[in-house]
Amino acid sequence: MQFSEAWLRKLVNPALDTTELAHALTMAGLEVEALTAAAPPFNDVVVAEILSAQKHPDADRLRVCQVDIGEAAPATIVCGAPNAAAGLKVPCARPGAKLPGIEIKVAKVRGVESFGMLCSTKELGLEGAADGLMVLPDDAPVGEDLRGWLNLDDTLVTLKLTPNRADCLSLVGIAREVGAITGAEVRIPQASPVAPRIADTVEVTVAASDACSRYLGRVVRGIDAQATTPRWMAERLERGGIRPLLAPIDVTNYVLLELGQPMHAFALSRLSGGIEVRLARAGETLALLSGQTVELSPDMLVIADASGPVALAGIMGGQATSVERATVDVFLEAAFFAPAAIAGRARRLGLSTDSAHRFERGVDFGAIHAAMERATQLLLDICGGQPGPISEVTGSLPRREPIELRLSRLRRVAGVELGADQVIRDLAALGCVVEQADERLVVTPPSFRFDLAIEEDLIEEAVRLFGYDRIPARPPAAPSRMLAQDETRIADDALRQKMVDLDYQEVITYSFVDPAGEQALDPDVRLLTLANPIASQLSVMRTTLWGGLIETLRHNLNRQQERVRIFELGRVYASLAEQPRKLGGLAYGEALPEQWGVPGRRVDFFDVKGDLERLFGQPLDAGRGEHPALHPGQSAALWVDGHRGGWIGALHPRLVQAFDLAAAPVLFELDSEILARRALPRHAGLSRFPQVRRDLAFVLDAGLAAGDLLAALREAAPASIRAIEVFDDYRGKGVDQNQKSLAIRVVMQDTERTLTDRDVDEAVQKLVDAAARRCSATLRA
């Protein structure tokens, strides 16, 4: 919204300069985006009249002009403008004047002394044709200072309004805001009813009453469409961003800027029969004022006569009924079109109009009569003519329901004491009707405020007018108490830090994934499909973290990163109801960073399993299990407290080939909820007595997992046994080909006494018996 500050100050003139006024508007929520001078600085330029323009004796393209500049004698000025002619009134810069980039001095031009310069718009820094002198109206007073006469000491104010403030898309609306903010008196232009002088009317019917709940029309005959638009009106239109055209059109545009009510003038002689407000019919087209012919859709509101659509309601008029210089009779239209009936239609047709911009946000349905009377009076004053009576069709207009505002809630939300009298005064200044009942205010918003509907809207208005910048800064005051820390859970940040300490880097990948990739990892998986995917390759929700981790691996390998260790903590999506959090990881390349002291080797299953055991702080129970994404001979299900907590293993060979990898990465995925649980640590004193170690070699079936044997031994172990670990797996000479030999190291220590040989032998025997009973294992000879 752009407007002239001088025009605004005709309506409300607070004791603030331009900068202070802009700051006050911005602080009240009406952001001033730009302040632009109406004209660049120049001085000593006056209105002049060319008395004569003779050809220069020594230059074909120059003229020697005698110019009346309001002084006793005419001034001689040499001019090269092609349109310099006697009788023209033009700007004249006298000697000593300073124009943008130039200072005027008395100078000889081809032997003729010139006492000033006749100016074009370009030389003054103004808009307009620059190929000749700037021609002023015939009524321009000779000798008058040009800046004062053209009101060039003005500022163009540009507001960046939010969509809810449609009431500020007019000078009256902005003036009302300034008055409420500053307390200055607001002088809203009053339009007295114009008495009809003729009885002519146009019949109006509204078929789409939901879209148009009020329509006013008026016939005005005998106008002079070629009448000159007054300079003050043309100036205000131009500074509001609207180019003056014909006087009748300028009048409707002026009312648009002043009152915020879009209007339209039809050439009455081009209308056939009455006016109907209806929805467009299939196949109808309309040639618009812009020259564009559009095909109308059935959800577009049109103004139609007997021949068909003549205007796109609330957006743009039609070419066939446009007002021209020869137009004598017009039909003025002012209406309230529902925002929902206009919104989006202009953009769909590639149009952007001031009318659509306002109707989409909501215009004041209570001021349509005032707009019609104002436009009629201006039209009669400028173009003459005889007005007819107003034809009106009114349906169900929007209602402004009362809103209850609790002063206690206002103070609590605002954080500042606002008195009832002040709140009532501020809301009344905005046009609200306010009634007080104890500590409650019952507020009825005005017809032009579509954005006031609930209590919070009124709180915003009260605080806005009080001034956001006046609310004192208060640091929050609250009791400080220590919160108990749940030591039975590991926080996500602690889990991430542990993974970083284990030499893994965190990654965050898309939750949206390619369905082909998910099904490659698990052909039987049930995918959760998105209703509106951002891309076809991101159309399902991930059911595992592995897909994103593998893509991250490939991304790094393509950038010559040969050693990759990454993890992600995030949700997977089995269904709408089941969305567990998982910890997934991947290791690829060398087990350790390259260095001279340790021979290089690739990371394997047991490296990653060891990382997870360090993460848990205890040995993991890795049992048999098959996952379609993992190598069947290099994978395991991970069990925690009797529950399957996840998977670990090398990527399946078919997927290594499918993902074009040189080797198989080792993957793991764990339920983060199981990971987060942990037992409270218990203190155990250090034993002062020596440890005893025994190495046992058990022969058992080759297909039996080492974990099964360890589980049996640990379950049978007496309290004196501190550790049971596998340190060798032998298959070969001396062991049947269907069997294997597992070497177990047993560490024993008592906290009360030194263990005797008998104690040790008894403990070992319990382990041997358990191995035989549970695993059919025997001691190797």
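Glycine is treated like the rest: Cβ placed from N, Cα and C.
Per Swiss-Prot, Mg(2+) binding site is recorded for ASP451, ASP457, GLU460, GLU461. What Swiss-Prot records for 39-147 is domain 'tRNA-binding'. The annotation domain 'B5' is assigned in Swiss-Prot to 398-473 on the grounds of sequence analysis. Here Swiss-Prot flags 687-780 as domain 'FDX-ACB', drawing on sequence analysis.
Projection of Swiss-Prot feature records onto the structure.
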residue : record              : Cβ neighbours (10 Å)
ASP451  : Mg(2+) binding site : 17
ASP457  : Mg(2+) binding site : 17
GLU460  : Mg(2+) binding site : 17
GLU461  : Mg(2+) binding site : 24
* How would DSSP class ASP451 (Mg(2+) binding site) in three states? -> coil
* Asked: Of the residues in the domain 'B5' (398-473), how many are helix, strand and coil by DSSP?
  -> 33 helix, 14 strand, 29 coil
* Structure fact -> Taking the centre of the Cβ atoms of ASP451, ASP457, GLU460, GLU461 as the Mg(2+) site, the remaining residues of that chain with Cβ inside 8 Å are ASN164, ARG449, LEU452, GLU456, LEU458, ILE459, ARG464
* To do: Over the span of the domain 'FDX-ACB' (687-780), count residues by DSSP class, listing helix, strand and coil in order.
  => 30 helix, 32 strand, 32 coil
